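Straight from TrEMBL, the features:
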DOMAIN    336-448  domain '1,3-beta-glucan synthase component FKS1-like'
TRANSMEM  491-510  transmembrane segment
TRANSMEM  530-549  transmembrane segment
TRANSMEM  561-581  transmembrane segment
TRANSMEM  593-616  transmembrane segment
TRANSMEM  1471-1493  transmembrane segment
TRANSMEM  1528-1546  transmembrane segment
TRANSMEM  1553-1573  transmembrane segment
TRANSMEM  1617-1636  transmembrane segment
TRANSMEM  1643-1664  transmembrane segment
TRANSMEM  1746-1766  transmembrane segment
TRANSMEM  1807-1828  transmembrane segment
TRANSMEM  1849-1870  transmembrane segment
Amino acid sequence: MSRAEELWERLVRVVLSRERVGADAYGHPGIGIAGNVPSSLANNRDIDEILRAADEIQDEDPNISRILCEHAYSLAQNLDPNSEGRGVLQFKTGLMSVIKQKLAKKEVGPIDRSQDVAWLQEFYKLYREKNNVDKLREEEMKLRESSAFSGNLGELERKTVKRKRVFATLKVLGTVLEQLTKEIPEELKRVMESDAAMTEDLIAYNIIPLDGPSLTNAIVDLPEVRAAVSAVKYFRGLPKLPVDFLIPATRNADILDFLHYIFGFQKDNVSNQREHIIHLLANEQSRLHIPEEPELILDEGAVLNVFLKSLDNYIKWCNYLCIQPVWSNLEALSKEKKLLFVSLNFLIWGEAANIRFVPECLCYIFHHMVREMDEILRQQTAQPANSCNSESGVSFLDQVILPLYEVVAAEAANNENGRAPHSSWRNYDDFNEYFWSLHCFELSWPWRRSSSFFLKPKRRSKNMLVSGGSQPRGKTSFVEHRTFLHLYHSFHRLWIFLFMMFQGLTIIAFNDGHLNAKTLREVLSLGPTFVVMKLFESVLDIIMMYGAYSTTQRMAISRIFLRFLWFSIASVFICFLYVKALGEESKQNSDSVIFRLYLIVIGIYGGVHFFISFLMRIPLCHNITNQCDRWPLIRFVKWMRQERYYVGRGMYERTTDFVKYMFFWLVVLSGKFVFAYFLQIRPLVEPTRDIVTMSPIVYSWHDLVSKNNHNALAVTSLWAPVVAIYLLDIYVFYTLVSAVWGFLLGARDRLGEIRSLEALHKLFEQFPGAFMDTLHIPLSNRTPGSSSKQDVEKNKVDAARFAPFWNEIIKSLRDEDYITDLEMELLLMPKNSGIISLVQWPLFLLSSKIFLAKDIAVVNRDSHDELWERISRDDYMKYAVQECYHLIRLILTKLLDDEGRMWVERICEDIHASIVKKTIQVDFQLSKLPLVISRVTALMGILKEVKTPELEEGAVKAIQELYDVVRHDVLSINMREHYETWNILSKARTEGRLFTKLKWPQGAELRAQVRRLYSLLTMKDSASTIPRNLEARRRLEFFTNSLFMKMPVAKPVREMLSFSVFTPYYSETVLYSMSELQKKNEDGISILFYLQKIYPDEWKNFLARIGRDETTQDSELLHSSNEILELRFWASYRGQTLARTVRGMMYYRKALMLQSYLERMTSEDLEAAVSSNEATDVRGFELSPEVRAQADLKFTYVVTCQIYGKQKEEQKPEAGDIALLMQRNEALRVAFIDIVETSKDGQAQTEFYSKLVKADINGQDKEIYSIKLPGDPKLGEGKPENQNHAIIFTRGNAVQTIDMNQDNYFEEALKMRNLLEEFHHDHGIRPPTILGVREHVFTGSVSSLASFMSNQETSFVTLGQRVLANPLKVRMHYGHPDVFDRVFHITRGGISKASRVINISEDIFAGFSSTLRQGNITHHEYIQVGKGRDVGLNQIALFEGKVAGGNGEQVLSRDVYRLGQLFDFFRMMSFYFTTVGYYVCTMLTVLTVYVFLYGKAYLALSGVGETIEFRAKLNKNTALSAALNTQFLYQIGIFTAVPMVLGFILEQGLLRAIVSFVTMQFQLCSVFFTFSLGTRTHYFGRTILHGGARDQATGRGFVVRHIKFSENYRIYSRSHFVKGFEVVLLLIVFLAYGYNEGGAMSYILLTVSSWFMALSWLFAPYLFNPSGFEWQKVVEDFRDWTNWLLYRGGIGVKGEESWEAWWDEELAHIRTLGGRVAETILSARFFIFQYGIVYKLHVQGTNTSLTVYGLSWIVLLVLIILFKVFTFSQKISVNFQLLLRFIQGLSFLVALAGLTVAVILTDLSVADIFACILAFVPTGWGMLSIAGAWKPYVKRLGLWKSVRSLARLYDAGMGMLIFIPVALFSWFPFVSTFQTRLMFNQAFSRGLEISLILAGNNANTGI
């Protein structure tokens, strides 16, 4: 072979081989090209297995390996002769290269391929003999039956793996042989058949091996599983299947085979749902009882429960549409028929793909398919159903799902990747809601493709100014128009209430608080206000429905117009009556008939409305009105009052719950309105009266609007900030009340009772009993004893049961490197197996207690009782003394015989007698106790070692010395009473035979007791600080605290609810590679170095765990592949990686296995078990087949790695890491979307498959299911679509949604079965459908920013959600880690919503949907999971921007509208203020500053400020102070901090809470919260106006790198900097032209909050930027920023590279005509500056004509022309450079001369020049903003380049204004030091070396 060919072969092999450390779970190197077969080869599983076998036997027989490779090549060639599939050509080329390599390596000549078959047959026999196949299975079964787990725990696993590997290879060899030849010798054929029978458990399966029963998986032997399998078998009523319909020989036909045949479901879908249904049935049966032999029959109750749960949505759909379900009588339905219906329902769901988001459509499909099936059953002939049959065959996917998918996909394609208006295309909800009316039956069955429902839209117009395109079918029942009016439309009751209360309070205030007849008449004006606002709501109904009139039900449209008509008439009538009544009042002697009529009308309307509202709060009344629906009047009233949808019916709560949240809101509203009246409204009455009645005022500008209108603008400027605060302060009062309420709830639930190590130590003896009461299954014989002895026995049993669980928790902490080996030894609890009668506690409780007790005894001069009382003051000292006594007695008794044992018994009897007589200090010389202890210690030190003759001799000597000390020094008793015994002992001692025969301690238990006694006697140091690691402390404290909290009783594992954990993953970090860990950033810091400094103790523990010294350098670890892998995992477990999440979630399985293993003893055998040391022996529990089976039946973990297939093809490291995780976690399943390119009729086709894989015995992926999809599944938002495709692979009654940046802990996993029982507990009128779970944010220690984010998040997920669930009943699903009622949600659209953009916050829509569909969401805090959060300012800002944008989209959504409409008033307020209302209040906080400052600017610039403030005395106005103070406190996060502080107090204690809060203030948390305020306001407002919300990848790494100035400027320029500069300009205008009676101090007090906000917005990104004030960094930043600013963009240039590209990106969100108009209106505010300031110039004198303003525009135009002259393009002017320079110089000189002449000859002053700058700068920005909004038109006018040049100048100017202060501060080194301390204070407090990190000094890392 030539050199070139060799290099080519090597290259191909490297490309096609898999790069992976360790290759597979068993250490086999990953060679060859197995695992890289293209998915486009239809039979790739067979080819892959052949190639794997070839790799396996390569070293054994290269010739056979060559034969297998050639056969694989021929299979690939037959499948795709033309190599048209994706990757096929490369695969064939690579495979051929490998074959050539194998041929080249052969030393012999040409190969005779005719001998291939003979060689294969011979090798088959040799391979069997070599691996001793006949004995393999026998050895494994013997080992399994013997339960020999105590020795080598991995032996059974290795035997099983070896057998599977050998038989897998034999299977491939046999298959290839059969394909190559039919002439196989009979003897060999019999052997092959026998071997094939042994490979049945190699058939791919998920959990339950149904198609190929496993010989090693005990799950198939569980009675409940066998009963479930039996239940779905083919029953007598089904027609016989055709003979040619293939069914595996390993199982019998069942009802799913029947459905498979008649409807053409996919084979893998049928297999998947077969397991799913059997899994559900088996688990439901196990909750009732376990079936018994011989007849394993499934209970009717189990079937009925699954049937009702699965088809509940279908039944409700039928009831809603008033149609008969497919069964006429449910009671008459047989068990088999129910299972048939359930199976069909799940098969439809399993293959529905994206249509799963359209649940009522699935009900429609099910309804008709059952009718078809019934017809086939009636005919008793198995035949394909008409709806799924076509010329190409029977296919449910092609005939039923594909037409639906195509129209949904066409609509999704028309949304222009989310840029199109929501109103112009149909989303998933629109399609689903079509099936909420009987019109859906117009679609017929099979589908009537000509229906308008199936019409696909035309592509939208490219002209972005024109909204909408050609749309054949409108929206359904709701249109998501992009407008702020949705806030009023959805929550009109709130706004009407607030407006009417404001009106009422204002009327009372203006009547000076007198409640007389006049006041009453004016208050009654609320009647017209109410009906007019209701009229406005009805007008909005009409407007908002535009776009859906053609498709909405006529009844719904009729209701809209009837309501409009009703409120129009009511408005006119009520207003007319009120006006006439007021007119009558003004007349003399009027009898007020009309006024009385008005009162009657208002009274009747209000009374009826209140009565109906009150009645609807009572469940009984709800039921009565539902029964009265047949009465037309009742139905009409209900229909008019509230819209009726399929969802949102019965939105009421239990009366007691209603009273609770009503009381909550009455408290909030009381505080709010008292504050509003006394501090906001009443103080403004007198100033308002003064301003209104004020004589004409002289204006300093040309007044256009203020003449003859009572100074309306001045009044508006006065009231506007107060009104803004009035609208927002309700949230402030809500925050305060909810914080207090949540604090009290937490205290009631006993949170925070154990908040320190001291409390943990003190209460430890209560833990076993608490554990048995909460986390252990109830035991019948565990009742409080009637005597102290029985109590001791009970405590002993409790401790014995508690010990294995506690010890596993401690071991998990050690495995995670949180504690040292010594700490683990101290924390472990003895088994308490009954060897002594006392409870033995962990050593960390008893450490040093013996020495303290000894000292007390030695110096004691008191009586016996007083001595014991002093020792007993410390319980653990008492326990240590008692245990030492009993252990010494036990060990000496076991050690000695004859005379020796007699001596021990004699001494013990004497001690006991002295205790009874209370003469211990008389009978024994306690001062000699140290001698005794030293002798016992010496003896135990010898006995704990392995026996040797020398040690045995030493032990004899030690015990003799002990005898002498006790006999001669300690004993003071009268020996005559037992003279004979002492005489025998003395004689034996004299003769030297006493203690000469010792029984060296044997048995693990006795040896453990010897070691324990030695430790008790030698530990002098206290263990009060054990464990030292803060995370270990926190976890143990929370776990032990939760033992005392109320939780449901634990069910045995076999009876618990089953559940899945579900994690969506895209392309985030799975496992850090060594290159990533060692790669240094620009500061010279690597991730590994950073982690070593952040977690120094954990790094030392890691080194100890892998057997290394703590001084080991990193480079020393790189020589071992195992240590490299361990290092990668150690680092990954401290980041936000998928590896950390998988490890945490797999603790569920480990916990279930431990619990199941320890429950094998019944309660009746408990005492016997404890005494026999069996109940608590957990060695090898993870290898028990029965335990593994039980855990697998109850727990499934699916990670849906959307692009895993693509990552594998591209050889991405993430793919290898995911495979590695599967190898290390056998229960882990990975789902992904596989894209297969095939050719059909010469045309390339792309097919999409949803696949599930697991790791096989070779460490490779084993495909379990592959289900074809109708097309690309990503039609909507990525994450919910990713979840949706994989949810079919989940199992169980519940599913926990876990993000890939979460963690879990073993001790928390023990509580999962308790949590699942909450589904069956009383939580209100409806059972729970989502269980909320507490989170612990584990990223809080990284930096001060991370700490702020962590504390804020912790406050919300604990105290906040606690109140939302109880009493407010409005908790939603806010992401993870909530536990869903799985069947409830999968039959109602899934666990999230996926419509593009509108559902960008997909998680919360699951909560909306669950609530609307009569679900119930609860919150539980006795269990927690870990959660990572963003740790850098940019990460946090991107995340908050995403959430705020998502909330902006929620405002437009139908879910929020319906919840706002259908909740009762108080629950509606709870919902509003905890979702979108929070962001509205945030925006109002910012708007308050704007309103206040623009009001002040108006007063200052108009010239009336001084007059009004002087006359009306506004300067000392209480209302304005109250408003500004409230705004400021909200702005800086004080009200956010209240729940946080109360949470700290509850869970950390008062002192630590105060310290934490003060520390946060010193770390400038107020700056951070103010900055976040701007982020939320910007993205929320912009999303509602323009859209553009998107899911941004925030990054989850460790942020200690310096962020460049240009990057910060890009991110925050428009959201913060522009607005910050605007506020600064307003403040300068107020300072320059405003009037303040109080002078500077008054100005400061009024504007401090505004200055604080502006400066926070401008400088926070640099204040919280690592090394932000380091001079060298600042210089580099300036260079980088200028390069970015001046670099001209172009095609393909990104915003990170060029200012021009970035500017275009910033304008991209303005797309619609409405958006352009809104932007123009908002930008008009910038022109106010110029209009006001030009009239303040000295040059114009007192002239207030419009001419002055006009002249200012001429000046501005001249300036723009000058700017254009100086920035003229050099490219264009290349031919007249000299002329251009002459013109520029002349222009400069003329401008300078003109300015000088103006200053000298006119009144123009230097101050005027600066004032002009102040005037023209905002005007220029306003012009730029408007030009950007109308960019297409400006481009057509040819002005865009000029606009862009001006915009660049503005950005350069703003950047410099920010940069200069940063540069100035960076001159002073102490500023950088202070900033580092500020950002990383927590790290310093834990002894971290951040200064080294930021300096990049990593000399000690060894890298």
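Backbone N, Cα and C atoms are what each Cβ position is placed from, and that goes for glycine too.
Bear in mind that the values here come from a model prediction, so they are computed numbers and not experimental data.
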Residues of the domain '1,3-beta-glucan synthase component FKS1-like' (336-448) by DSSP state, where helix covers H, G and I: 84 helix, 4 strand, 25 coil
Same-chain residues near the transmembrane segment (1617-1636), Cβ under 8 Å, at least 6 residues beyond its ends: 1486, 1489-1490, 1493-1494, 1496-1497, 1499-1501, 1505-1506, 1509-1510, 1515, 1574, 1578, 1609, 1642-1643, 1646-1647, 1650-1651, 1653-1655, 1657-1658, 1726, 1729, 1732-1733, 1736, 1811, 1814, 1817-1818, 1821, 1854, 1857-1858
Best-contacting stretch, by C-beta pairs under 8 Å, relative to the transmembrane segment (1471-1493) and drawn from 530-549, 593-616, 1643-1664, 1807-1828: 1643-1664
When counting Cβ pairs under 8 Å to the transmembrane segment (1643-1664), the leader among 1553-1573, 1746-1766, 1807-1828: 1553-1573
Sequence-remote partners of the transmembrane segment (530-549) [C-beta within less than 8 Å, at least six residues beyond its ends]: 423-424, 474-479, 481, 485-486, 488-489, 492, 495-496, 499-500, 557, 560-561, 563-564, 566-568, 570-571, 574-575
Residues from the same chain, set at least six apart from the ends of the transmembrane segment (1553-1573), whose C-beta lies under 8 A from its own: 1344-1345, 1347-1348, 1351, 1433, 1436-1437, 1440, 1482, 1485-1486, 1531-1533, 1536-1537, 1540-1541, 1544-1545, 1616, 1652-1653, 1656-1657, 1660-1661, 1663-1664, 1878-1879, 1881
Distant-in-sequence neighbours of the transmembrane segment (1746-1766), which means Cβ under 8 A and at least six residues beyond its ends: 702, 1730-1731, 1734-1735, 1740, 1783-1784, 1787-1788, 1791, 1812, 1815-1816, 1819-1820, 1842, 1845-1846, 1849
Model confidence over the domain '1,3-beta-glucan synthase component FKS1-like' (336-448) (mean pLDDT, whole number): 91
